[in-house]
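K.L.:
The structure under discussion is supplied below as structure tokens; questions concerning it will follow.
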Amino acid sequence: MAFKGVLDDAKITAALEECKKPESFCHKKFFGTCGLSAKSPADVKAAFDIIDQDKSGFIEEDELKLFLQTFKAGARSLTDTETKNLLKAGDTDNDGKIGADGMSSPTCCRVVRALCVFSIGMGRYHFFVSDPIPILLSICR
């Protein structure tokens, strides 16, 4: 698997199983189940680099469409609605793509914003919030 060394195969399988049916993908749930929401900024950056298949420094809509397939070959494509929802969650500047800038801090990482993680790592302390997006935006601007 492309995420070997970053994510556990069993957790990836469980996350993919939860969104097997079209229109069942929820980015919050997927990244919680696969374990990425609890990973370090370096691991999040590694995951970003894997998802950014054309290595442009951005994750564009066409890459998001095949998003699940980056976790496991043969996984389904996201529907247009699922793709647009995931893009909307991570596209903070409305340019139609998710950028990798600000990857040095988990609170300033656009990928973390896109994933809507349940825990925000700040040093060795963790704050648990139901919707981290407003907090992230206030910290990162």
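Just so it is clear, glycine is given a Cβ too, placed from its N, Cα and C backbone atoms.
Okay, these came from TrEMBL:
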- 39-74: domain 'EF-hand' (DOMAIN)
- D52, D54, S56, F58, E63: Ca(2+) 1 binding site (BINDING)
- D91, D93, D95, K97: Ca(2+) 2 binding site (BINDING)
K.L.:
Return the member of D91, D93, D95, K97 nearest to D52 (Ca(2+) 1 binding site) in space, with distance defined Cα to Cα and candidates limited to these binding-site residues.
P.N.:
K97
K.L.:
I'm trying to understand the geometry here, so how far is the Cα atom of D93 (Ca(2+) 2 binding site) from the Cα atom of E63 (Ca(2+) 1 binding site), in Å to the nearest whole number?
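P.N.:
Cα of D93 (Ca(2+) 2 binding site) to Cα of E63 (Ca(2+) 1 binding site) measures 18 Å after rounding.
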K.L.:
Take the mean position of the Cβ atoms of D52, D54, S56, F58, E63, the recorded Ca(2+) 1 site. Which other residues of that chain put their Cβ within 8 Å of it?
P.N.:
I51, Q53, K55, G57, I59, E60, K97
K.L.:
If you count CB neighbours within 10 Å, which one among the binding-site residues D52, D54, D91 has the smallest count?
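P.N.:
Comparing Cβ neighbour counts within 10 Å for the binding-site residues D52, D54, D91 gives D54.
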K.L.:
DSSP helix, strand and coil counts for the domain 'EF-hand' (39-74)?
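P.N.:
So the domain 'EF-hand' (39-74) is made up of 20 helix, 3 strand, 13 coil.
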K.L.:
Quick one: of the binding-site residues D91, D95, K97, which has its CA closest to the CA of D54 (Ca(2+) 1 binding site)?
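P.N.:
That would be K97, the closest of D91, D95, K97 to D54 (Ca(2+) 1 binding site).
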K.L.:
Using C-alpha positions only, work out which of the binding-site residues S56, F58, E63 is nearest to K97 (Ca(2+) 2 binding site).
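P.N.:
That would be F58, nearest by Cα distance.
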K.L.:
Could you state the CA-to-CA distance between E63 (Ca(2+) 1 binding site) and D91 (Ca(2+) 2 binding site) to the nearest Å?
P.N.:
14
K.L.:
How many Å lie between the Cα of F58 (Ca(2+) 1 binding site) and the Cα of D91 (Ca(2+) 2 binding site)?
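P.N.:
With distance taken Cα to Cα, D91 (Ca(2+) 2 binding site) is 10 Å from F58 (Ca(2+) 1 binding site).
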K.L.:
Round to the nearest Å and give the CA-to-CA distance linking D91 (Ca(2+) 2 binding site) with S56 (Ca(2+) 1 binding site).
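P.N.:
Roughly 15 Å, rounded to the nearest whole number.
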